[in-house]
Amino acid sequence: MGAHVSRADFEWSTSDEPHASRRKEILEKYPQIKKLFGSDPNFKWIVSLMITLQIAMIFVVPRLPWPLVIGLAYCFGGVINHSLMLAIHEISHNLAFGHARPMANRVLGMIANLPIGIPFSVSFKKYHLEHHRYQGDEILDTDIPTTLEAKLFCTTVGKVVWMFLQPLFYALRPLFVRPLPPSMTEIINVVIQLSFDFAVYYFLGAKALVYLLAGSLLAMGIHPVAGHFISEHYMFAKGFETYSYYGPLNWITFNVGYHNEHHDFPAVPGSRLPQVKAIAPEYYENLPHHNSWVKVLYDFIMDPAIGPYARVKRRNQSKVLKEE
């Protein structure tokens, strides 16, 4: 089964998450960063182009042999779908049309969701914003693996299996850790998505639907673009809980690699995050960061010091007050 991970628990912290205080300090020194806040006018057109590419592909793949369909799903469709997932991440911060037009953001999110095949656009927003607000909270931050995950997948082989199953954990973990009642918009998201999936299957056949779904699932597992799941918050250097990535894959992932910058300034769209680093370089250049998501995946699997336990965690304050 390979080497056993050396950690037997999460890294528990009694300090506040670092981004709010750093944001305040940077803005006091560089108030011009506020000019970067707001929506990106080009964003909706980029998203529309990606959706159009995927719609075009589902008319092509029914004529192809199954091995080529799966290969295209991994190498091309999965990359586009993963990029659309990160577009939905941008949309969750209202960076498509701005905070004044929340419904326009929601609608674009549901449209961007269509090629992905799995309804998650609306649900993602409510859990992701809590991840920002309560980073590391043992209850409220559902981005952190559960103790059961950490105990079950604690060897080299186990970590490989966990990464293949990551789409499943990413989707289901919030429902077990912090179940929230579905909103009407979430139900609409599900109905629209399932109707689209049925239409693809009915009119274009199984290959078209498998191309979309397989691409989404494969690109969330052991895939270069999926390296951001691990690189963002897994503790590669003791005490540091957020890491940026400054490699070329930022070009197709809306600069999600600029993750310290994003958590410091979630109101800045991905296209402008490099400007944050350029304005305040002394706050980011000395932080540990990554230059390769492929290396991140390799190190996560092979290094016994890194695994699902390698996350900074904090006691939930409401739980602490009840215990006191």
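Note that Cβ sites are derived from N, Cα and C of the backbone, with glycine treated the same way.
Per TrEMBL, the features are as follows:
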type: DOMAIN; residues: 5-43; note: domain 'Sphingolipid delta4-desaturase N-terminal'
type: TRANSMEM; residues: 43-62; note: transmembrane segment
type: TRANSMEM; residues: 68-87; note: transmembrane segment
type: TRANSMEM; residues: 107-124; note: transmembrane segment
type: TRANSMEM; residues: 210-230; note: transmembrane segment
Notebook entry, point to check: List, by number or range, the same-chain residues at least 6 past the transmembrane segment (68-87) whose CB is under 8 A from its CB atoms?
Noted result: 43, 46-47, 50-51, 53-54, 57, 61, 112-113, 115-117, 207, 210-212, 214-216, 218-220, 223, 225-226, 228, 252-254, 256, 270
Note to self: With Cβ-Cβ distances below 8 Å as the criterion, list the same-chain residues six or more beyond the ends of the transmembrane segment (107-124) that contact it, or say none.
What the structure shows: 44, 47, 50-51, 54-55, 77, 80-81, 84-85, 87-89, 91-92, 96-97, 171, 174, 182-183, 185-186, 188-190, 192-194, 196-197, 209, 212-213, 216
Next item on the list: Work out, from DSSP, the number of helix, strand and coil residues along the domain 'Sphingolipid delta4-desaturase N-terminal' (5-43).
Entry: 18 helix, 2 strand, 19 coil
